[in-house]
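Accompanying notes for the structure given below.
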């Protein structure tokens with residue numbers, strides 16, 4: 001007599017897979033994988049990026065917490081305590097050695113760092129969480145950029161490739177060019193079809209999408225495109241999401257595609273899949289350099305935030321990209337606080353006193369439009385005391401910060417809001433816990449390596465050392481209610 005047949009169900013756990021594991025399983029392996037927020041391979045446990053400390057120039061690598069996991073943000077916070085840090089290298093996780101470092105001068109622009117290099121991103125400029133674990137993105141300000149002109153395995157000529165990037169959908173402008181992808185090895189414009197990169201912003205080339213932008217487009221050199229010779233593609237929507245996923249891919253046979261979606265929910269949408277623009281884009285003449293935050297000729301006036309991205313060998317299928325999108329969604333990107341230290345409350349009126357040893361009797365004030373420091377006591381006139389009183393309003397460029405001042409050439413001044421995007425970003429400031437252990441240091445949102453600093457009683461938004469490194473001192477300010485007796 002036989003026992004009844006038992007239906008045995010084997011519960012096999014799903015094997016965790018990073019975006020590049022998914023690409024590999026689809027037959028289109030990653031040949032470049034960059035992220036400051038997490039490992040993009042399930043087995044990767046090496047360095048994600050390197051940072052340099054402003055106080056002494058020391059460097060350290062920031063790794064994932066463990067294989068396949070989120071970046072060790074606590075290691076960065078500890079290393080950079082009481083000083084500033086810059087991102088010097090974004091390591092390639094693919095094993096091809098396609099690391100990104102600050103971009104050299106190019107045909108369109110020369111950077112302001114020594115040797116004409118572009119500036120590097122502040123290490124703490126783009127804090128986020130991934131499933132409630134803290135990490136930092138790459139906050140690109142105008143003038144910043146990263147590049148590798150001597151790559152390994154990146155597509156050249158008309159060879160097939162794909163790429164994706166996770167970006168901040170609220171950080172952009174209309175300048176050229178916030179790109180991630182394939183570019184010229186000479187940092188010069190060498191003609192149509194010599195680039196194939198994801199672009200995000202308001203567009204400065206041939207095509208736009210629906211609405212007022214920003215849009216996900218493709219920088220193919222001498223033109224931003226989302227279709228073939230169509231100036232407005234209604235299928236490419238204005239981005240409204242905080243985190244956005246952008247995809248570009250191309251293959252021989254005169255075929256390419258642009259796709260995108262919300263990086264925290266839903267699926268990808270195909271904005272275009274068809275023939276390339278003309279003339280000069282078929283066949284392609286890709287050169288195989290990799291850029292981040294700039295154009296192929298080092299056009300470096302754009303701004304944006306990059307969290308992760310990868311480039312493949314071969315033309316990924318939509319199904320593979322959809323699986324990568326699902327992985328990104330599962331990573332759980334979310335916003336986190338941009339401020340720390342003593343609270344500066346929106347709607348209040350505050351004064352800021354310097355805590356640097358030279359100047360503890362001086363307050364931030366203004367004479368006309370010039371922002372300066374002045375010795376102010378209760379015996380001063382009400383007009384003088386009023387000049388050192390500031391209304392705190394919600395940040396115009398980012399609601400997580402406060403806004404009061406504008407800048408011109410990094411010197412602070414007082415001016416009326418002209419309604420421009422440039423004013424909104426430059427007038428937005430984020431209080432941070434004071435570097436000297438007192439009160440707040442006040443950081444620029446649009447240039448997060450720059451803080452309130454004073455030199456000869458004038459206020460600047462300056463980075464480490466600033467324009468006068470021998471004498472420029474950090475203003476670690478204390479906020480207090482403006483009450484005088």
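Every residue gets a Cβ built from N, Cα and C, even glycine.
Pulled from TrEMBL, these are the features on record:
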{"type": "ACT_SITE", "residues": "221", "note": "active site, nucleophile"}
{"type": "ACT_SITE", "residues": "297", "note": "active site, proton donor"}
{"type": "DISULFID", "residues": "20-30", "note": "disulfide bond"}
{"type": "DISULFID", "residues": "80-85", "note": "disulfide bond"}
{"type": "DISULFID", "residues": "176-177", "note": "disulfide bond"}
{"type": "DISULFID", "residues": "401-430", "note": "disulfide bond"}
{"type": "DOMAIN", "residues": "19-334", "note": "domain 'Alpha-L-arabinofuranosidase B catalytic'"}
{"type": "DOMAIN", "residues": "353-468", "note": "domain 'Alpha-L-arabinofuranosidase B arabinose-binding'"}
{"type": "SIGNAL", "residues": "1-17", "note": "signal peptide"}
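Counting other Cβ atoms within 10 Å of each Cβ, the lowest count among the active-site residues 221, 297 belongs to 297. Between the CA atoms of residue 85 (disulfide bond) and residue 176 (disulfide bond) there is a gap of 26 Å. Between the alpha carbons (Cα) of residue 176 (disulfide bond) and residue 430 (disulfide bond) lies a span of roughly 26 Å. The average pLDDT computed over the domain 'Alpha-L-arabinofuranosidase B arabinose-binding' (353-468) stands at 81. Cβ crowding, taken as the number of other Cβ atoms within 10 Å, peaks at 177 among the disulfide-bonded residues 80, 85, 176, 177, 401.
In the structure shown, the C-beta of 30 has more C-beta neighbours within 10 angstroms than that of any other entry among the disulfide-bonded residues 20, 30. Note: the domain 'Alpha-L-arabinofuranosidase B arabinose-binding' (353-468) comprises 12 helix, 47 strand, 57 coil (DSSP; helix = H, G, I, strand = E, B). With a cut-off of 8 Å between CB atoms and residues at least 6 apart in sequence, the same chain places 338, 339, 395, 398, 400, 401, 402, 442, 443, 444, 445, 448 near residue 430 (disulfide bond), listed in sequence order. A gap of 26 Å separates the Cα atoms of residue 20 (disulfide bond) and residue 177 (disulfide bond).
Residue 221 (active site, nucleophile) sits 11 Å from residue 177 (disulfide bond), taking the Cα positions as reference. Cα of residue 177 (disulfide bond) to Cα of residue 30 (disulfide bond): a span of 24 Å.
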